[in-house]
Amino acid sequence: MSESSRLDAQNVSTSSSQNSTADEEKLLKTANGARKHLSEYYKKQNEILDHYKQDSEQIEAARRTRERHRSVKTSESSESAELYHLHASTITMQSKDSLMVRHEDAQNEEAKLAKAATRLANITLLVNLCLMLAKMIASYLSGSMSIISSMVDSVVDLTAGAVLSISSRMIRKRDPYQYPRGRTRVEPLSLILISVIMGMASVQLIISSTTRISAAAAGGDRDEINVSWPTIGIMLSTIIVKLTLFIVCQKYKSNSSIKVLSLDHRNDCLSISMTLSCAWLAYTYGSKNGQPTGVSLFGICPESGCDLYYLDPFGAIVVSFYILYTWIRTGYAHFVMLSGKSAHPELINRIIHQCIEHDERITHIDTVYVYHYGTKFLVETTVAEREDFPEIEKKLREFAFYHGFLPREDLQSILVNPGDYLIRVSEVVESENKFTREVILSLMPITVESKLEEDKNRPRNVVIKHVQNMVFCELNHSFDTMTELIAYYTENTGAYSQGLFQLVTPILQQPWEFMHSDVQVGKVLGEGAFGKVCAGQLKLKDGTNVEVAIKMTKVSAFLSKAKIKEMMNEARFIRNFNHKNVVRLYGVAHDEQPLYILLELVKGGSLQDYLKKAKEEGETVSVLDRINFCAGAGKGIDYLHQNNCIHRNDGNEFLIEDNKREGDDLYVIANAIVKVDASGRTMLHIFNPSATQIKIWKDQALGRAEKFVNTRQSEYIPPEAEPVAKMPKLPKETPANYKPSQEVDLSKSILNDEEKEVLKEIVDRHPRAFVGPDGNLGCYTGQIRHRIDFIEGAKIPAPRNFRVPLERREEAAKQIEEMLRQDLIRESKSPMASPIVLVPKADKESWRFCIDYRQINTITEPVQSVLPNIQELLDITAESCVYTTLDFAAGFHQIPVVEEHCERTAFASFMGVFEFVRMPMGLKGSSGTFQRVMYQMLRPLKARVFCYIDDIILTSRNTTEHLQDIDEPE
């Protein structure tokens with residue numbers, strides 16, 4: 001009994017060991033397969049990056065070639081220009097030789113391929129003619145069906161060569177008026193024709209060979225086969241010639257015509273070899289007059305031996321079928337090209353990449369079509385460009401009350417009395433796919449529907465829309481010109497979201513506001529990575545000219561909102577200063593871009609430059625001069641202190657902005673203020689966006705930096721620097737004894753009791769991450785705002801209101817009141833309003849408050865949103881064993897809407913019309929905005945965490961690591 005139990009235990013142990021080994025092997029194979037797929041994925045990504053780089057180099061080389069040819073034509077106009085061109089060409093050859101040489105080599109290689117294709121087509125035509133005559137003789141001498149099939153193949157090859165030669169000549173020599181797009185489709189058409197002819201010839205040979213086999217099997221007369229040495233010599237010579245041509249064609253495989261010739265030569269070598277073998281075996285071992293052949297084939301054949309006579313027609317059938325299949329496939333491939341099939345996705349991605357990188361004015365790409373146009377591709381793209389300065393804005397300069405890019409912060413000091421107004425241009429507003437610039441009518445309203453005193457004294461901004469050559473502030477009042485709009489509102493009142501306005505007193509340009517036409521820019525005095533200072537002349541208001549230093553930014557035609565505010569803040573600080581020891585600000589020219597800050601020109605330069613120059617020239621600065629320098633600096637600093645301004649310049653702080661330059665593979669992280677030590681060293685964050693390694697050499701220049709000057713005023717703090725304004729809108733205070741862990745259900749968690757207690761402690765340490773009993777939501781405080789951009793010329797839908805059943809009115813009122821309490825919505829006077837709908841939730845007991853935005857979505861511009869790639873998320877979680885998911889509480893309602901677009905979220909109900917100030921659900925592009933916010937919020941976290949729509953998923957390899965990842969600081 002004990003022995004039996006021991007044996008059973010051994011069997012169980014052996015079985016368990018075998019199962020464990022099998023599981024380990026299966027797991028190892030799965031891991032190896034995943035690693036292989038991952039390796040192939042990154043290999044493919046590296047190839048795409050290489051293609052991107054090669055495409056950019058080829059385009060840049062082509063551009064330089066055009067410029068060089070253009071300069072050659074220009075330089076021929078005069079002898080001096082010719083000498084200059086020769087010198088410039090020498091410099092170009094020395095500095096940019098590598099890229100140009102590669103491009104010219106590629107062009108020369110393409111020309112060589114075209115010449116080789118023509119030459120090989122002509123040689124093939126001549127060779128096929130000779131071989132066809134030779135095969136006719138061999139067919140006549142032998143009478144073999146296999147050799148006859150080879151002869152027919154040569155006849156078709158001759159026809160194919162002639163057609164290719166003619167098509168190549170037709171493509172090269174064309175009439176541009178009759179064929180403006182060229183005749184590239186002639187080549188695939190000719191190849192399809194050849195395929196049809198070869199297919200018909202192969203079918204005919206199959207029929208003839210089948211007839212010969214059936215006749216011989218019926219006991220009829222057999223056609224005699226005579227494969228003598230002359231026949232064998234002819235066929236062997238043909239094989240050698242075709243093999244030589246095949247080897248030559250292999251050197252030019254990239255050309256489609258040569259590729260077809262190479263395929264034909266290879267097929268000829270195989271088919272001739274097989275036909276010769278079949279014909280010789282049928283002649284040597286075929287039964288003659290019923291006599292035994294003696295072929296046993298390892299005992300398979302009968303005593304009289306196998307009759308190999310049938311091998312000759314059978315070989316012809318096999319060769320014919322092979323040729324038929326090959327040419328059908330070739331014809332189908334070129335038929336697909338001729339029908340306009342789309343290109344491979346990788347090529348389309350390369351085209352899209354080049355379109356995006358082509359010009360900075362391209363904001364987004366609407367459509368991309370890349371399809372076959374004969375043997376080449378035809379590319380059709382539709383791109384959207386931003387306008388540098390629309391026509392309506394150019395006409396604004398005619399108004400004396402046009403103030404250009406005057407920021408909001410200056411309005412309070414300019415617009416004082418009800419009815420004061422001016423026109424300005426808003427900063428560039430960048431949405432996901434579009435750059436826009438808006439004309440703003442800034443004014444002091446005559447009536448304000450607000451109980452707050454500060455709201456009554458605050459300037460308002462009304463957007464002037466421009467649609468189909470019409471301008472309007474209100475949908476029911478449109479005008480042909482801006483002058484008519486201004487004239488109408490000077491006599492009538494207009495409505496905005498919180499009251500009425502009327503234009504009474506136009507506010508003309510301030511003494512410190514100038515036009516670009518008043519400024520003459522001269523030589524450059526200093527230049528940094530992001531700005532420069534030039535000398536120039538300024539025409540003052542009284543008509544006199546003064547020398548000034550002009551500070552401007554080196555940016556594109558579109559300044560960012562932050563950059564405009566930065567420049568205007570600097571001007572606002574110092575424009576009221578008037579002291580001989582403080583540099584004077586004459587004003588700002590902001591009617592167009594780039595913005596100019598106009599400062600007093602200090603001809604002697606800085607004190608540091610003066611002392612350096614004196615030292616170089618051997619001059620000694622007297623003690624009295626040094627005392628005067630110190631006294632002047634002290635008086636200037638004392639004047640600044642009396643005006644509540646402190647100027648600090650330690651000289652050891654530098655501003656690092658985006659140092660990505662054309663051709664670089666390395667980024668220096670943007671927008672950082674760094675402090676250097678005594679030896680002039682500091683720490684920099686760098687980023688390698690490519691999939692390849694980048695070597696950083698000793699003393700390599702990584703970027704440029706500018707000295708950072710911090711100027712602040714003790715009494716005045718600009719709104720964008722106000723710390724209170726930067727604070728997030730937090731929920732109300734929760735009870736002191738409240739712990740979020742009390743609402744966490746860990747009954748189904750894989751954690752043990754000790755780990756569950758640790759998790760509860762972590763949750764209680766981060767109460768701000770959870771909605772408390774009061775139900776108040778948080779608010780996202782980043783830079784992203786949801787936009788609702790309408791299609792140009794779209795018709796605004798009329799307001800609608802659906803009936804709410806009586807039994808659901810209480811629930812609707814409750815939810816509206818809650819959203820008002822949460823400051824998610826506000827009362828609205830919007831001309832558009834969508835209806836509300838109450839939809840039952842999954843529990844069938846509560847109701848979801850929804851808004852039917854279908855009409856608004858139809859006139860909203862499409863927004864490109866990119867959700868995470870599922871396969872990539874699976875790759876991230878491949879090594880993870882522990883997961884935690886976090887679900888947002890009304891996540892959409894925590895993202896603000898652009899102020900000007902709040903009216904487009906309005907909804908109508910039995911309680912009135914309301915509009916959202918936070919992003920509602922149901923709008924086009926809202927999911928994309930939410931995903932972008934989540935990318936921004938989760939990017940700094942070190943843990944493996946990602947977001948898919950409104951779910952956050954945190955993954956770790958084990959529970960210890962997982963708890964640490966959950967507790968990562970907010």
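Going from the start of the chain as shown, residues are counted 1 onward.
Positions of Cβ are set from backbone N, Cα and C atoms, glycine also.
These come from TrEMBL:
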type     : residues : note
REGION   : 1-31     : region 'Disordered'
COMPBIAS : 9-21     : compositional bias 'Low complexity'
TRANSMEM : 120-141  : transmembrane segment
TRANSMEM : 147-167  : transmembrane segment
TRANSMEM : 188-207  : transmembrane segment
TRANSMEM : 227-248  : transmembrane segment
TRANSMEM : 308-328  : transmembrane segment
DOMAIN   : 401-507  : domain 'SH2'
DOMAIN   : 519-848  : domain 'Protein kinase'
BINDING  : Lys551   : ATP binding site
DOMAIN   : 820-970  : domain 'Reverse transcriptase'
Long-range environment of the transmembrane segment (227-248) - Cβ separation under 8 angstroms, sequence gap at least 6:
120, 123-124, 127, 131, 134-135, 137-138, 141-142, 144, 147, 150, 261-262, 265-266, 268-269, 272-273, 275-276, 279-280, 282-284
For the transmembrane segment (120-141), what are the same-chain contacts with Cβ under 8 Å, counting residues 6+ beyond its ends?
147-148, 150-151, 154-155, 157-158, 161-162, 164-165, 168, 226, 228, 230-231, 234-235, 237-238, 241-242, 245, 248-249, 252, 257-258, 261, 264-265
Residue counts (helix, strand, coil, in that order) that DSSP gives for the domain 'SH2' (401-507):
21 helix, 42 strand, 44 coil
Applying a 10 Å Cβ distance cut-off over all chains shown, what neighbour count does Lys551 (ATP binding site) have?
22
